[in-house]
Amino acid sequence: MSIRDEIKKRRTFAIISHPDAGKTTITEQLLYFGGEIREAGTVKGKKTGNFAKSDWMDIEKQRGISVTSSVMQFDYAGKRVNILDTPGHEDFSEDTYRTLMAVDAAVMVVDSAKGIEAQTKKLFEVVKHRGIPVFTFMNKLDRDGREPLDLLEELEEVLGIASYPMNWPIGMGKAFEGLYDLYNERLELYKGNERFAKIEDGDTLFANNPFYEQTKEDIELLTEAGNEFSEEAILAGELTPVFFGSALTNFGVQTFLDTFLKFAPEPHGHKTVDGDEIDPLNKDFSGFVFKIQANMDPRHRDRIAFVRIVSGEFERGMSVNLTRTGKGAKLSNVTQFMAESRENVENAVAGDIIGVYDTGTYQVGDTLTVGKNKFEFEPLPTFTPELFMKVSAKNVMKQKSFHKGIEQLVQEGAIQLYTNYQTGEYMLGAVGQLQFEVFKHRMENEYNAEVVMTPMGKKTVRWIQPEDLDERMSSSRNILAKDRFDQPVFLFENDFALRWFADKYPDVTLEEKM
């Protein structure tokens, strides 16, 4: 098969949702259909046969939340599917937003009893900004939920996206009978031995069933007043196809997967800082690092840089240019993933996600290219932290482990590090409290370095240019610090302290982000 055909087989997407909407469950069901797991909840290593959950980090297993982005790959129906599972917890939005830069489509999982929730709305805004297609799965029909028409209306009113139902529920909760599949023109049955039935048999199958009568009325209303199906609008991110089902009971999931793969886009191009778009079919390899993850295998204390291949083909052992440094690097030890399981990879093409073993060479946002044409992809989103903690090693004899742990976890982008200009103290910045808890847990469990963390509360952060720096600017209302790139930054007590500083030093430009 030609490289062009291989690229056209790729379907790379992320699953987004509010916590507890069923994202992990539907991910596992998709892996089940891809032959990667024997049953939902257990992920099978391709070679070892060992079981592992898609949530691989200890704290994820303990707390039932996703705090890192997993990458999973499988073949299904002639397609190579790359799923990027994303953190659902709001404190990890920064990692999630970067992950959404590496996909061509998004699957939005919604709890049919709760509708659009806060985190779903936030993540949808990022997807909408990128203009990529969104496919919606209304989950948990095995439980009582809101009226389907209300859910569609909420998509349009809250998210501002038109919707088209691909199927429609017949009852829900204990009265759930199945789905009226509008796209495939059939009935999908929840009970009994037969999975599908013809639509014309519906009146016989559901004779005197008020829920089936309601379904027919809803569909008639949608036919007259609903949106028209348009593949063009779907690919433009203007229309979301809506699928109903139950991930927990694995009902409607395979129908969703089959239909999703018909309409999900092939790998798309990616823009450079100069505004050019790199075509996936360009023969020269290029890619960008969207995530760095330390200790995916605690036995080896390794670190992986996740790279989205934008164009061309990766071949093991190839040399690439690292645009940020202008230096070359050899990609010899490269893997692909199935949650905890990983395999060395010889070849991969545009649309694939590869993991490059990293000894400190790479940073999040790095561009990799080959050939004479050196360029840089547009930067990944960054977020200014609001919460701060002082951090130090509990045991002075563990300083080496402490510094190694901080260096690696900061390079992941999971937390931000600042150093007090006057005292040299380390300060951590985060978007949310949970990031601190995960940092502490990982320092103790992965680096054997207990830490002392002292809350500093909320701060307003502003960067200044190095040439404007004067240490006399530091006062009781601010802290002068350096970020991890040695750029000067002020941590202000509050907005009043920020305004006071701006009035006192009108010639100093304060930047919200560097």
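Cβ coordinates come from backbone N, Cα and C, glycine included.
Here is what Swiss-Prot records for this protein:
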BINDING   17-24, 85-89, 139-142  GTP binding site
DOMAIN    8-268  domain 'tr-type G'
Under a three-state reading of DSSP, tell me whether LYS23 (GTP binding site) is helix, strand or coil.
helix
Three states by DSSP: which one describes LEU141 (GTP binding site)?
coil
SER17 (GTP binding site) CB neighbourhood, other CB atoms within 10 A:
24
Around the Cβ of LYS23 (GTP binding site), how many other Cβ atoms lie within 10 Å? Please give the count over every shown protein chain.
26
For the domain 'tr-type G' (8-268), what is the mean per-residue pLDDT, to the nearest integer?
87
Is it possible to get the count of other C-beta atoms within 10 angstroms of the C-beta of THR86 (GTP binding site)?
25
State the count of C-beta atoms found within 10 angstroms of the C-beta of ASP20 (GTP binding site), not counting that atom itself.
14
